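Here's the structure, in structure tokens; my notes come after.
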Amino acid sequence: MPSQPTTVQSPSFDFNHHSHRRFNPLTHSWVLCSPHRTQRPWQGKQEDDDLSKRPSYDPSCYLCPSNTRANGAHLQNPDYADTFVFENDFPAVQQNQPVLLHDNSQDENPLLQVESVRGQCHVICFSPQHDKTLADMTEPEIVPVIDAWISTYKAMQQQDHINHVQIFENKGAIMGCSNPHPHGQVWSTEDIPQETAVELENMAKYRQRYHRCMLCDYVKTETDADRKAKADGSADPLSPTATGMDETRTSSHTAGTGPLAGSDPTPPTTPTSTTFPSTKTVSAATTPDGSRIVCENASFICLVPFWATWPFETMVLSRAHLARLSDMNSTQKQDLANILRRITCRYDNLFRCSFPYSMGVHQAPTNGDASHQELSHLHLHFYPPLLRSATVKKFLVGFELLGQSQRDLTPEQAAKRLADCSETHYKSAVY
């Protein structure tokens, strides 16, 4: 098969106006970026804006302190003061279930495969207050949430049949959240789920090729891009006259670890299922200018990924190579609470609403594989659906279901809009 030609940028090509695609090295996939479609008129579905004020305590809520839970009067919540963790009353996976026996007397159909999955599911109420989301909480109030994540991970790590722990939060009815009381979940399973397995596979291919951690390199790549954007005034992809990012974005700035091979961020050739794509040597002008960093501190960086699918998708990455939440020291834990408060507050301020999202932690599996300590790099994904306003969301349909993911707003434009948002919540700001 002929090799793909080196990318050449036409003098008239503009990443802020012309369609292009971007490679996601974590999932070995591409996303189509169509920035010219931001002017498209919208007469489609509009969601409820979720601006209704909730009480701090709801006597009918199954998750509020001292209330009866959903599965019967025999279970009552304690009068908890910060976080509250309990086994999910309606778990997606169960610890005790019959063994699925396979008939080895005949060949199995390769098209019809099935495996049993055991596990445990937990619910973590972030706060006793029914109306207090992460965006409304202080950093000291968020630290117990992180402690609950760590303690649950460690407890599941001791279970022989548990090989993976997925921590996540679905915020908002638009994300399928069944109870408005702010909470997250932990699903612990004996299999390693698809998304984590794909990331680990591609991080392994990257390390085999470059002998370094993919996400350590990515932190350095984005830090370098941010420094360049500040130096040449390209930090604002929405305005050619801008000179820099929001000064509230950072409390400190620390470089990533190790150089990136060739310092070449060029999109690779079309990937195959067996090899990590090779990198072409091209001018840096063939990748979009501008910073994608939203906020940062000494331990963590929050950015809109170069390959983001969702309009205001972000990643939070540890600057140091940490395999799991439990590897953090006390300072890093405080810094994670700081980043979580700041990005969720910026989200709410973007459209002045309780901003919906699915958020999850990706860290090392618990199956005892020593290679995961080297491969895994602690990071969190935020996948928010809102596109233009509090009531207009992005739909993954049509071409995106049948072809590949697509976005309108460029990641650089999305990062600038989030970076420009205040870190004082709009409900408490004085105007």
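Even glycines carry a Cβ here, placed using N, Cα and C.
Residues annotated as active site, tele-UMP-histidine intermediate in TrEMBL: His183. According to TrEMBL, the feature UDP-alpha-D-glucose binding site maps to 37-40, Ala70, 88-89, Asn170, 176-178, Gln185, 394-395, 399-400, Gln406. Among the features that TrEMBL reports, Fe cation binding site is placed at Glu199, His362, His379, His381. Summarising the annotation, TrEMBL assigns compositional bias 'Low complexity' to 271-281. Per TrEMBL, the feature domain 'Galactose-1-phosphate uridyl transferase N-terminal' maps to 14-193. Per TrEMBL, the feature domain 'Galactose-1-phosphate uridyl transferase C-terminal' maps to 289-428. Here TrEMBL flags 226-287 as region 'Disordered'.
Neighbour density around each Cβ, counted as other Cβ atoms within 10 Å, peaks among the binding-site residues Asp89, Glu199 at Glu199. Taking the centroid of the Cβ atoms of Glu199, His362, His379, His381 as the Fe cation site, the other same-chain residues with Cβ within 8 Å of it are Leu26, Glu195, Thr196, Met315, Gly360, Val361, Leu380. Here the recorded positions are Arg37, His183, His379, His381; the one with the fewest Cβ atoms within 10 Å of its Cβ is Arg37.
Glu400 (UDP-alpha-D-glucose binding site): 16 other CB atoms within 10 A of its CB, across all protein chains. With a cut-off of 8 Å between CB atoms and residues at least 6 apart in sequence, the same chain places Asn170, Lys171 near Cys177 (UDP-alpha-D-glucose binding site), listed in sequence order. Here Glu199 (Fe cation binding site) is compared against the recorded positions Arg37, Asp89, His183, Lys394, Glu400, and the shortest C-alpha distance is to Glu400. Of the candidate recorded positions, His183, His362, His379, His381, the one lying closest to Arg37 (UDP-alpha-D-glucose binding site) when CA atoms are compared is His381. For His362 (Fe cation binding site), applying a Cβ distance below 8 Å and a minimum sequence separation of six or more within one chain yields Glu195, Thr196, Glu199, Ser376, Leu378, His379, Leu380, His381. The Cβ of Lys394 (UDP-alpha-D-glucose binding site) has 20 neighbouring Cβ atoms from other residues within 10 Å, across all protein chains displayed. Reported as a whole number, the C-alpha separation between Lys394 (UDP-alpha-D-glucose binding site) and His183 (active site, tele-UMP-histidine intermediate) equals 24 Å. If you measure from the Cα atom of Glu400 (UDP-alpha-D-glucose binding site) to that of His183 (active site, tele-UMP-histidine intermediate), you get 30 Å. Rounded to a whole number, the C-alpha distance linking Asp89 (UDP-alpha-D-glucose binding site) with His183 (active site, tele-UMP-histidine intermediate) is 14 angstrom.
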